[in-house]
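Notes for the one structure printed next.
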Amino acid sequence: MMLGPEGGEGFVVKLRGLPWSCSVEDVQNFLSDCTIHDGAAGVHFIYTREGRQSGEAFVELGSEDDVKMALKKDRESMGHRYIEVFKSHRTEMDWVLKHSGPNSADSANDGFVRLRGLPFGCTKEEIVQFFSGLEIVPNGITLPVDPEGKITGEAFVQFASQELAEKALGKHKERIGHRYIEVFKSSQEEVRSYSDPPLKFMSVQRPGPYDRPGTARRYIGIVKQAGLERMRPSAYSTGYGGYEEYSGLSDGYGFTTDLFGRDLSYCLSGMYDHRYGDSEFTVQSTTGHCVHMRGLPYKATENDIYNFFSPLNPVRVHIEIGPDGRVTGEADVEFATHEEAVAAMSKDRANMQHRYIELFLNSTTGASNGAYSSQVMQGMGVSSAQATYSGLESQSVSGCYGAGYSGQNSMGGYD
């Protein structure tokens, strides 16, 4: 005699041949003559490593009679599919569920789902509305782009718990606009796999409530023409705007020029030079308190870096990308205060995954935040109205990439 669900092998059946879009409600309707233990929570779909339904599921029932009733449903149809029903037990169910799907034994149940079929231009706010009532963690929405900076139509969403992620799967085949959205189980590991070159995660619209500060930035290639530094959108320039932008940049010899080749080094007190081995680039910090990282794993994400410095909370993370579109293994991390930047240095030579990380401090007490003043901008030939400017985030010479976030006709900052 089988023991009850609280103390033994339970009353479990296995279904095979389920439609790919099968929902918990579909299973409940199929077994409407049976009592399912714990209701919807008693239905357990089996997933592939890619997070897709495998067409099989375990169902916990209330009694031995319910098992017998379920077995009578063998070869009955659900939609156009014939469903096979087998007797099973809790040990088999637990083992299979533990070793299948992206959240298997070697992956944490971290609350991720993957969306597919998003409409062009879909925003993070629309995704939040799509999952209305389900808590998404801060910075929990990732929109991958292809090597040309175009949205792939997919997204990863991390919920506050695995239970919420399971509920999110119930939104499968619901609509955003006129598009049907597919929702699959996912994992941190799958998200990281998308960060392999040449694919990168980059924000492609104004920052929303689920973005960390500083994540809305664009990557801009730099090309020198006719005595001025001309910034044109590169493959990763996917922020809005779409117009060519011009900005004064370091010429690589320690001199900084404006649009017309004039020396501006006297006014850029917030800028500092990095020379770490063969790496040479110029970055403007928004706080003046920066730690440079070297030796990052190529799969490292911004979240990995935030976690690396935990419990400290960086203000901004900038992962360097080289001219070939690949990560360089280096990054700049800004902190709110000099004291926090110094505290972060305690992580020097600590490991991230299998790599030990070198840290370099670039912060002094009372460092400037690097904002341009109205007087300086007017000295560049910019009108007083246009001189309300602050926030040129990063300019890279050797890496041929900068990280600014701007609107149309701007010079690297907000309109």
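Residue 1 is the first one shown; counting continues down the chain.
Note that Cβ sites are derived from N, Cα and C of the backbone, with glycine treated the same way.
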Between 67-72, 127-132, 355-360, which stretch does Swiss-Prot give the note region 'Interaction with RNA'?
-> 355-360
With Swiss-Prot as the source, identify the stretch among 17-22, 113-118, 179-184 annotated region 'Interaction with RNA'.
-> 179-184
Per Swiss-Prot, the range holding region 'Interaction with RNA', considering 81-86, 219-224, 267-272 | 81-86
Where DSSP helix means H, G or I and strand means E or B, what are the helix, strand and coil counts for the domain 'RRM 3' (289-366)?
-> 17 helix, 30 strand, 31 coil
Nearest to K167 (SUMO2 cross-link) by Cα distance: which of the recorded sites K72, K87, K185 is it?
-> K185
Note: among recorded sites K72, K185, least Cβ-dense neighbourhood at 10 Å is K72
Going along the chain, which residues six or more apart from K87 (SUMO2 cross-link) have their CB under 8 A from its CB?
-> V12, V13, K14, V67, L71
